[in-house]
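Features as listed in TrEMBL:
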type: ACT_SITE; residues: Tyr22; note: active site, proton acceptor
type: ACT_SITE; residues: His97; note: active site, proton donor
type: BINDING; residues: Asn71, His77, Asp84, Ile98, Ser99, Arg108; note: substrate binding site
type: SITE; residues: Arg17; note: site 'Transition state stabilizer'
Amino acid sequence: MKILIINGPNLNLLGKREPEIYGSETFEDHFTKLQFHFKETELSYFQSNIEGELISKLHEANEDFDGVILNAAAYTHTSVGIGDAVAGISVPVVEVHISNTFKREEFRHHSYISKYAAGVILGFGLRSYNLAIQSFLDKTGVDN
Ligand code: DQA
């Protein structure tokens, strides 16, 4: 199973950025743990602060991956374009957030992506990504 994790703007700052909300681990460190934990799964990771790059990566992923885990970060709440990209591809996309966006400001309660996502996982810290990977594996009956 090939899964691509796509992270949006400011998630390159994880570990340093608002640690009281997002924790003190970098995504690179967490990604290494994910690779160790899900040994049988071919995991890839892409991060960009640029909306169009995220859209192009979603288009590419449609050809190459069995599943996508997308944390579009702030673009979740603003980007019709990313929502349309998710709607327009056939690879299943699980939307992920580190924080529980419903406990936060009102503007974070709306997502342009959720309507087109296979599912949404949020509020479990970086473990949200583990749960998203597991959701793909459960579906195909694979444990690891
Ligand atoms: C986030 C939540 C968004 O509201 C925020 O803009 C982010 C991160 C999360 O993972 O909790 O950058 O997507």
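Cβ atoms here come from the backbone N, Cα and C positions, even for glycine.
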Just to be sure I understand: of Arg17, Asn71, Arg108, which recorded positions have a C-alpha no more than 10 angstroms from the C-alpha of His97 (active site, proton donor)?
Asn71
Could you state the CA-to-CA distance between Ile98 (substrate binding site) and the residue listed as 'active site, proton acceptor' to the nearest Å?
6
Taking every pair from Asn71, His77, Asp84, Ile98, Ser99, Arg108 (the record's substrate binders), the biggest C-alpha distance in Å rounds to 24
Out of these recorded positions, Arg17, His97, which one has the fewest other C-beta atoms within 10 Å of its own C-beta?
Arg17
Between Tyr22 (active site, proton acceptor) and Asn71 (substrate binding site): CA-CA distance (Å):
13
Listed recorded positions adjacent to ligand 1, that is, members of Arg17, Asn71, Asp84, His97, Ile98 whose C-beta is under 6 A away
Asn71, His97, Ile98
Counting across all protein chains shown, how many other Cβ atoms sit within 10 Å of the Cβ of Ile98 (substrate binding site)?
23
Candidates Asn71, Ser99 (binding-site residues); min other-Cβ count within 10 Å returns Ser99
Expressed to the nearest Å, what is the distance separating Tyr22 (active site, proton acceptor) and His77 (substrate binding site) at their Cα atoms?
18
How far is it from Arg17 (site 'Transition state stabilizer') to His77 (substrate binding site), counting Cα to Cα, in Å?
19
